[in-house]
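Some features that Swiss-Prot has for this protein:
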type     : residues       : note
BINDING  : 50-56, 204-212 : 3'-phosphoadenylyl sulfate binding site
CARBOHYD : 307            : N-linked glycosylation site
CARBOHYD : 328            : N-linked glycosylation site
CARBOHYD : 369            : N-linked glycosylation site
TOPO_DOM : 1-7            : topological domain 'Cytoplasmic'
TOPO_DOM : 29-388         : topological domain 'Lumenal'
TRANSMEM : 8-28           : transmembrane segment
């Protein structure tokens, strides 16, 4: 009897040891998994359209020392197939972005001349602080705000393979892109297990976008032709800017509606941002952006954001981020566009304006009355995406 009791006791103690061992093993495994997840690179796509303030938002990320940033890598795809359409190029753009997110820069071989190349072969490479500092270029400290103008002079001759090295040395990879007119093309990236993708969807008042496009017509001529696609030959030249805006506005509507149909887990990887909200409260909105992707808002970046949005005038170059009064820039269409153009544009983009929270003006007097706030706080995005 005593032997039987001892045997049962030993079996009980043995089972407890096994349970404890399993618990320790599972705890260690969970801890290691969490640590691996925390080390996993974060991929961020700033999704926008032309002349919507996306260069500034790209710089908000790109100036952070933990970020590898590229501005519009899909430019290379579109400039290779200038006779194609945006819809036909979606797949090629998506595949290029996936490769760049994974720091595989060999994807550019299909869109660049063969043979040795420099990092200056990349479109707007000098906008990337990561390509202007170590390990790529030693002229600029990694923890200081980089100057694209000076970087272009000093760092352009670095070999192209340094781009991949720089990418792999950062924990965040951020790409800014304006050449997606549909969310459907992005679905494979959102569900790709090799990516940790977050999407920042930036929009801007279509009237401000239209005004800015008027000032950059020559620079955007190829992009506009690709957007218009088969409609290019059938639409009068004077109507083409409005039709291009109609397509762009519809794409923003489609993206927002598509996001609302995604599973909640994927919706949590999406952040909606209006340019006007950003320039009204740049520090608060930048804090929101950084929190969304897991970046710290460092003191020197807070100072830079304050200064770059509180400069004088309208800025020196349409495609560069420099000190300007960002709030005045966002309102410039109200005193510079004739009401006839505004009215025609509102007809083309009415659905997008209602959805995104931009109030229409019904007269020249309303347009010029700057005390009349045309930014609505009660819009569908505020109801669906309440974070921030």
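Just so it is clear, glycine is given a Cβ too, placed from its N, Cα and C backbone atoms.
Note on proximity: among 307, 328, 369, the glycosylation sites of the record, the Cα nearest residue 50 (3'-phosphoadenylyl sulfate binding site) is that of 328. DSSP assigns residue 50 (3'-phosphoadenylyl sulfate binding site) to coil, not to a helix or a strand.
Sequence-distant neighbours of residue 52 (3'-phosphoadenylyl sulfate binding site) (same chain, six or more apart, CB under 8 Å from its CB) are 178, 202, 203, 204, 209, 275, listed in sequence order. The CA atom of residue 328 (N-linked glycosylation site) is located 15 Å away from the CA atom of residue 56 (3'-phosphoadenylyl sulfate binding site). With a 10 A radius on its CB, residue 369 (N-linked glycosylation site) counts 13 other CB atoms from all the protein chains. Cα-Cα distance from residue 205 (3'-phosphoadenylyl sulfate binding site) to residue 369 (N-linked glycosylation site): 17 Å (rounded to the nearest whole number). Cβ neighbour count within 10 Å across all protein chains ranks 207 highest among the binding-site residues 207, 211.
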